[in-house]
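**Q** Take a look at this one; I'll ask things after.
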Amino acid sequence: MGKGDPKKLRGKMSSYAFFVQTCQEEHKKKQPDASVNFSEFSKKRSEMWKTMSAKDKGKFEDTAKADKAHNEREMKTYIPSKEETKKNPKDPSAHFSPPSAFSLFCSEYRPKVKGEHPSLLINDVAKKLGEMWGKTASDNKQLHGKKAAKLQQKWEKDIAAYRAKGKPDAAKKGVIKAEKSKQKKDREREEKQAPLKQGA
């Protein structure tokens, strides 16, 4: 059951989950006041399940199949609550931190790398771009650095104007936190590429 929505559907259960549930119910009936060591209980049930015959497992598998079918029927008519669907709306006027010189280089050369090597995975494309950046002449790097610096200056002006609009303190803090998080991710990405850039 969902915490906020009592009508929220639980996920479908496996045959093993039904077996464990049955064992728990039987144990409670036999020893209602006894405390259970969950780790030990789970280990014993796992061993029992492994040694159980296919015939005995069959009834739990049938229950799991019926539960799956029931769950699929319910999902077709289930309407999520407002809390489930509600997301914090993004402020369209918020400004994200500008790209670094390396990010600009990647944006420019990524289509070329993908075109020349269509079978490469995303990670391999990133690795290839890192290698290319490492071999790039310093004047070309400076060119991308200048573009990044201009975008940084524009961003600083835009963010100052955005903050001056009189946003509540909480909103300002949220924007600043998002900026710091983005900048941290950019730094981490560039640090990962640093060994590849040393060839420059």
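Note that Cβ sites are derived from N, Cα and C of the backbone, with glycine treated the same way.
What TrEMBL says about a protein is an automatic prediction, not a curated fact.
Copying in the features that TrEMBL gives for the protein in this structure:
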DNA_BIND  9-79  DNA-binding region
DNA_BIND  95-163  DNA-binding region
COMPBIAS  50-93  compositional bias 'Basic and acidic residues'
COMPBIAS  163-194  compositional bias 'Basic and acidic residues'
DOMAIN    9-79  domain 'HMG box'
DOMAIN    95-163  domain 'HMG box'
REGION    50-97  region 'Disordered'
REGION    163-200  region 'Disordered'
**Q** Please spell out the DSSP helix, strand and coil residue counts for the DNA-binding region (9-79).
**A** 54 helix, 0 strand, 17 coil
**Q** What does DSSP give as the helix, strand and coil breakdown of the domain 'HMG box' (95-163)?
**A** 56 helix, 0 strand, 13 coil
